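Trainee: Right, I'll just put the structure down here and ask away after.
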Amino acid sequence: MAGKKKHLLKVIILGESGVGKTSIMNQYVNRKFSKDYKATIGADFLTKEVLVDDKVVTLQLWDTAGQERFQSLGVAFYRGADCCVLVYDVNNSKSFETLDSWRDEFLIQASPSNPETFPFILLGNKVDVEEQKRMVSKSKALAFCQARGEIPYFETSAKEAINVQEAFETVAKLALENMDSDDIAADFTDPIHLDMESQKTSCYC
């Protein structure tokens, strides 16, 4: 990857405590799973370098605390994000029902330049658990995504490494596209209106 321009992309992972955000992040970056992770305090992050469309991309993945008492810290971590990953546990209906509040809070705190097109992705985690324990159907999750601008959806298992790599490949592409679109928008700044009197010149020939 030497010689290629590198892009740093900030990705925020949000969801209720216990849905598996830390496990998903560690499975993606380190290809490891542990059932003994402690609840994240505040926020933590890992980085991974990948190649996306012949571009070297460093993903900075922020794993944020799912407890309400840490949500006030959001503005410090969310600003400058290029993509947001929403995670819920398919076996926990409450974790699905609170997704909108996480999404709305992110948009308020992060203040992206174009909230309507800012890239989100939804992960339904812990699909390795027995089917009879499942509380949120795939069709319900897809309906949620469709109603919010066709958000990409993956059903994942951090434990079994199901769809984790595939999900973050999509994250990297979405984040890179968002960064590129922001760069283009920045090139089209407001026109500068000059005082016409100051532009008048005289030529004495």
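Just so you know, glycine gets a Cβ as well, placed from its N, Cα and C.
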Trainee: Can you say which of 37-45, 118-126, 136-144 is given as motif 'Effector region' in Swiss-Prot?
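Mentor: Within the set 37-45, 118-126, 136-144, Swiss-Prot attaches motif 'Effector region' to 37-45.
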Trainee: When you tally the Cβ atoms that lie within 10 Å of each candidate's Cβ, which of the binding-site residues (Ser17, Lys35, Val127, Ala158) has the highest tally?
Mentor: Ala158
Trainee: Provide the three-state secondary structure of Gly20 (GTP binding site) computed with DSSP.
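Mentor: The three-state answer is coil.
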